[in-house]
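Have a look at the structure below, then the notes.
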Amino acid sequence: MSPTKRAGESNNGDGSKAKKTKKEIDLELQCINTIRAFSADMPEAAKSGHPGAPMGMAPFAHVLFAETMRVSPTKPKWMNRDRFVLSNGHACALQYTMLHLMGYPQVTKEECARFRQLDSCTPGHPESFVTDGIEVCTGPLGQGISNAVGMAIGEAHMAANFNKPGLEIFNHYIYVFCGDGCLQEGVSGEACSLAGHLGLGKLIVLYDDNNITIDGHTDLSFTEDVGMRYESYGWQVITVGEISEEGAVEDLRAAIAAAQKETSKPTMIKVKTIIGWGSTKANTHSVHGAPLGTEDLAATKTKYGLNPGEHFQVSDEVKAVYDARIAENEGVVTEWEGLFAKYKEGFPKEAAELERRFSNQLPEGTLAKLPTFEVGKDKDLATRKFGQMALNSVAADLPELIGGSADLTPSNLTNLSCEGGGDFQKDTPAGRYLRFGVREHGMAAICNGLFAYGGLRPFCATFFNFAGYALGAIRLSALSKFGVIYIMTHDSIGLGEDGPTHQPVEMCESIRSMPNINLMRPADCNETSACYGIAL
């Protein structure tokens, strides 16, 4: 599908088309060019970084942040906020620019000038534990879009379990920016295939289709039809023509509106962009990962109609646009808080449960329900069987436990037998058991997104040997200090008949050497139960 609206037109509230005035178009372009220049100033100050993608994606950012997304700089963890993930994390100068314009107190001009410096809140790739407004750590390509699939599962699950007639506590979207590199990575294919199967209609991906990689043009290695691939996954795919100046911004708006209306499947908006637009290096790989240089940056700002000698400039007119959006969003938050107050009155038990879960508190007495065993009296079983008993002993008390296996449920024994523990599928989003399929890396990345969403405690399982497939996402769990529970069975040479391809003799050392992760290898029933208690 391609939007058919003409450039320079917008919709009235009644659906009719109202032509934008020249003044409105000029202000819009001023906002976009301000984003471009501000983003390019950061790598210039740091003498390293990636200006090209932010300059090309600036129209995305303006339409999304100034007009579309519902977020709060004063309440960055508001549970019904729209989630935004910059999957191509090297373009983080763009995200910091938008956080600054949207009034996040932490992201000042001074901090933007300290881009990529030690102890700044503007590190070289987004870090969720450093900067307010950052949902997940991105940088390794493909991880962010896969995390977003987990967030979309989270939204669908929470809405199914907590929304009541006339009281929609959860009704937000998950927006993603990604580039060619993200879509080349295998993890994104795993996660997005599952997203299509699950019909995650609140997931909207804006694909920066600029045809440039570090090595050069994508013709060197990436010539597939991405849109057809995603359609085959079960996604809606919308193509928008080249965005450089104001010409196609209306088409982008129309595409986002169409994506929001499609509730039965995720949407990819494939947008042709020019990397480094306005620079003499535009549309080349030279603008990807190095500052523009003093002369080129000054000339580019002149082309944008900005002061070539001023850094991190935001005019009063541009600031007013974003201040108006901030005020509008704060009104939305206030309205939601009023709705939640009514929800508390009508459904006090559910409201208390939400508040408990989003504050990461366990119900009193839950861990006491973990089983204990008397050695020599109780039947000796495999530790995976004891693990199944431990998991299910607390699952009823912990409805936030959500997860599954990479097509090894009969072996991992991770199925949930409690009420409400059925499968999460397109038609049963209240379920808590995820059938990940043979997608270990996607599974781990999705679980990172589930934890980042809030109010959920994800677990996932496979044979320990296949943790190797998922190490990229496991490492980000550890870096982010996300409490994902990895259940890895069949952990040594005991898989004799399967041979060395299934014997993870080196995996313990590999994961134990990773900071911020607890690797526990129980030897018996009581140790297994204790491990679950420690993990929870």
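Each residue, glycine too, has its Cβ placed from N, Cα and C.
TrEMBL has this to say about the protein:
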ACT_SITE  E440  active site, proton donor
BINDING   H50, H288, R384, S411, H490, D498, H502  substrate binding site
BINDING   H90, G139, P140, L141, G181, N210, H288, F466  thiamine diphosphate binding site
BINDING   D180, N210, I212  Mg(2+) binding site
COMPBIAS  1-14  compositional bias 'Polar residues'
DOMAIN    381-536  domain 'Transketolase-like pyrimidine-binding'
REGION    1-22  region 'Disordered'
SITE      H50  site 'Important for catalytic activity'
SITE      H288  site 'Important for catalytic activity'
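A sphere of 10 angstroms centred on the C-beta of H502 (substrate binding site) encloses 16 other C-beta atoms.
With H490 (substrate binding site) as the anchor, the candidate binding-site residues are H90, G139, P140, D180, N210, and the one with the nearest CA is P140.
Here the Cβ of N210 (thiamine diphosphate binding site) has 26 other Cβ atoms within 10 Å, regardless of which shown protein chain they belong to.
Binding of thiamine diphosphate is attributed in the record to H90, G139, P140, L141, G181, N210, H288, F466, and the widest Cα separation among these residues amounts to 34 Å.
Neighbour density at the Cβ, taken as the number of other Cβ atoms within 10 Å, is lowest among the binding-site residues L141, I212 for L141. Counting every protein chain shown, 19 other Cβ atoms lie within 10 Å of the Cβ of G139 (thiamine diphosphate binding site).
Here is what falls inside 10 Å of the CA of H502 (substrate binding site) among the binding-site residues H90, D180, I212, F466: F466.
Around S411 (substrate binding site), the C-beta neighbours below 8 angstroms that are at least 6 residues distant in the chain are R384, F463, T489, H490. Sequence-distant contacts (6 or more apart, same chain, Cβ under 8 Å) of G181 (thiamine diphosphate binding site) comprise N88, L141, G142, T213.
Restricting the average to the domain 'Transketolase-like pyrimidine-binding' (381-536) gives a pLDDT of 96.
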